[in-house]
């Protein structure tokens, strides 16, 4: 975000809007997390474990993303070691979303195409191992940025302070190339997995021995993962959109960057889990029941008082 041309009132409005939207996103996603941990029926289902991992990951992404935006205005001189730590966490949570979607697609593929082996392959223990691997793979680009910074710049740079943003800290051509390569690899691998699993489920759906309803539902689920992946990838095209509209309407550049950030970084984190969670009748039933009980208890308590 461009903070140099913002007046105080405009800066306050932007920060207030960002924080408010961030709180709304995390409160809505928090309902899904609350439902999961209050309903032990989901504890032994790899599908729901992966889903709630994605929701929690997106909540962390929103928290650190909003924090970095507010810090850009409120704390322009952030110590580099602290800033790099925040950027690594932010980068990791960003990479985790597509990787988790790929894991969820593979789980649906095994459930439909290899139903007899599903309970043997997709165990709770292996699901948590997969989540650990997702975090391990997701953190690699952030660590690569840190190593590149240590090689290209003198070590004294770590004693400096400045604006905490990816473009400011990782400003070398090497970082730009590294970002393009890692983004290309991650995106390609995830899309290959989604296309492969979708095609295999599509083929399985035509077999007479396959449960047609389950196969059709799995197809829709994997297709939805593709849409979720597109939503999560929107933040990657933010710089391109900023440049295009910045050149067309230079006087509104600051506002365009801000609204682009909200539309491509924050809103997808709300829509993605919301669509999937509400669509899942089993999960939605439990969430509705829990929220109804909470509202009923509140009403009873207020009547008693």
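The backbone N, Cα and C atoms fix where each Cβ goes, glycine too.
The annotation transmembrane segment is assigned in TrEMBL to 16-37 (among others). Using a Cβ-Cβ cut-off under 8 Å and counting only residues 6 or more beyond its ends in the same chain, the transmembrane segment (16-37) has close neighbours at 48, 52, 55-56, 58-59, 62-63, 65-66, 69-70, 261-262, 266-267, 269-270, 273-274, 277, 283, 286-287, 290-291.
In the predicted model, residues of the domain 'G-protein coupled receptors family 1 profile' (28-276) average a pLDDT of 85. The domain 'G-protein coupled receptors family 1 profile' annotation in TrEMBL covers 28-276.
Residues annotated as transmembrane segment in TrEMBL: 49-74 (among others). Taking Cβ pairs closer than 8 Å, the transmembrane segment (49-74) reaches residues 1, 3, 6, 11, 14-15, 18-19, 22, 25-26, 29-30, 32-33, 36, 42-43, 86-87, 89-90, 93-94, 96-97, 100-101, 103-104, 107, 124, 127-128, 130-131, 134, 163-165, 261, 265-266, 269, 272-273, 276-277, 283 in its own chain, all 6 or more past its ends.
The transmembrane segment annotation in TrEMBL covers 127-152 (among others).
Taken from TrEMBL, the feature transmembrane segment covers 181-201 (among others).
The feature transmembrane segment is assigned by TrEMBL to 222-241 (among others).
Per TrEMBL, transmembrane segment is recorded for 256-278 (among others).
Beyond its flanks by at least six residues, the transmembrane segment (181-201) meets 95, 98-99, 101-102, 105-106, 108-109, 112-113, 140-141, 144, 215, 218-219, 222-223, 225-226, 229, 233, 236 of its own chain at Cβ-Cβ distances under 8 Å.
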